[in-house]
Amino acid sequence: MPPSIRIIGSLNVDMVSVTPRFPHPGETLKATSFSTHAGGKGSNQAVACGRLSRPKPTTSSSTSSSLLSSSSSSSSTPPSSTATPIDPTHIHVEMLGATGLLDSHFPALLQPTLHNSGVQTSRIRQIPNSHTGVAVIIVDSSADGENRILYSPGANYGGMQCTPEVLDLSLSPPMPDVLVLQAEIPVETVIGILRGVSVWKQERRRTAAGIEADVEVVFNPRAPEGGLPADVYGAVDHLVMNETECEIMAPAGLEGGVGEEIETAATSVGRRDRIARYFHALGVRHVLVTLGAKGVWYSAGDVGKDVQEQEQGKGKGKGDGGDGGDGGDGGWVRFVGEVPAAKVERVVDTTAAGDTFVGGYSVQIARWREARRAAGRGGEELTVEERRERYGLVTERAVKWATKASAICVGRSGAMDSIPWEDEI
């Protein structure tokens, strides 16, 4: 049985204008081009997971025909589906979110795009008296495809409130190997889902072990200043932030500078390290900060008691240099590294770069779990040496692979349209 990824998040229609520059306040500027695409951080990441886990199909019908039977109904809650992926060897990818019935964007644009990328849609709710979310995007062609976005959430908020129905749909079995969350749905719902995952993990660990007792949560936030309540981070395994999000998520009062120099996550490795250590202490095992054209910085570690006991005084490596493990801070295993951005001949559009990275990274997590099961180790806890490999080499490879996917994305136009397939990496 292949691994599975469930993405919970937003579904939008992207209305994109490409301009020679951003207009000044009060200025009317003639655009170079205009286009409409399927979008939203949730659906972008779902498409990235779908495409980056399978080769590009030779015909669009080969994908959509096997998935159309799983399409959601016109009611607010979709029926259950027994549809299978295109090929049983591919990762099972499913999207959970909400669209509006006051427009035809879901059946006309979003659903076909998701289907043709290998994404199941049976968990997408269609909400009466609501519009599908819309993002108005301005792309500056003179600034390497930099963009500005105006977002109207529509059904992403109205249909994804923190209700028992939404929480049950989010956490209903079978639980996936990887659960991907963003924050273009109500933050209360994100908090509710994360707390529900914590409860599920606690109960599951009573009867199972290893990866079979766990679902790996990838959280790509757009959270309120100061982040979320501290207790929810215990459910997060992979926290993926850009430089701005990293600063927003940092707790109030965390040291931010030396002398008169103000440090930020964008400019200071030390600042990123302090923020990462804060999240590690709350239970987050992987903290990734995407740095745009500079690449990706990451810190991966495990503060489990058994590791602390076995690692006292051992594991001193290059640590923050990026190639070794850090056995300090009570002896816990930790690896820190920075992966440069992959080479891009010409940057066209950065709109979906971050979402492509998250999708590619999530696929690599699922592949690692698949390999562990294939080796007959799925129900076993990781040894200290296996944890070293997981947080060191495996994380580095996942980041590098996702960075390559993101580089291909920015060399193309559009959001979803720019996301590559597995055989293009």
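First residue shown is number 1, and so on along the chain.
Cβ atoms are placed via backbone N, Cα and C, with glycine included.
Annotated substrate binding site per TrEMBL: Asn12, Val13, Asp14, Gly40, Lys41, Gly42, Ser43, Asn44, Glu184, Asp355, in sequence order. Its own atom aside, the Cβ of Asp14 (substrate binding site) has 25 Cβ atoms within 10 angstroms in the protein chains shown.
The annotation region 'Disordered' is assigned in TrEMBL to 27-87 (among others).
Marked as compositional bias 'Low complexity' by TrEMBL: 57-82.
For 307-330 (among others), the entry in TrEMBL reads region 'Disordered'.
Residues or ranges marked as compositional bias 'Basic and acidic residues' by TrEMBL: 307-321.
Taken from TrEMBL, the feature active site, proton acceptor covers Asp355. Under DSSP, Asp355 (active site, proton acceptor) is assigned to a helix (H, G or I) in the three-state scheme. The number of other CB atoms found within 10 A of the CB of Asp355 (active site, proton acceptor), across every protein chain shown, is 29.
Residues Asn12, Val13, Asp14, Gly40, Lys41, Gly42, Ser43, Asn44, Glu184, Asp355, recorded as contacting substrate, have a largest CA-CA distance of 15 Å. Around the Cβ of Asn12 (substrate binding site), 32 further Cβ atoms fall within 10 Å across all displayed protein chains. It is 9 Å from the Cα atom of Ser43 (substrate binding site) to that of Asp355 (active site, proton acceptor). The separation of Asp355 (active site, proton acceptor) from Glu184 (substrate binding site), Cα to Cα, is 13 Å. In the three-state DSSP classification, Asp14 (substrate binding site) falls within a strand.
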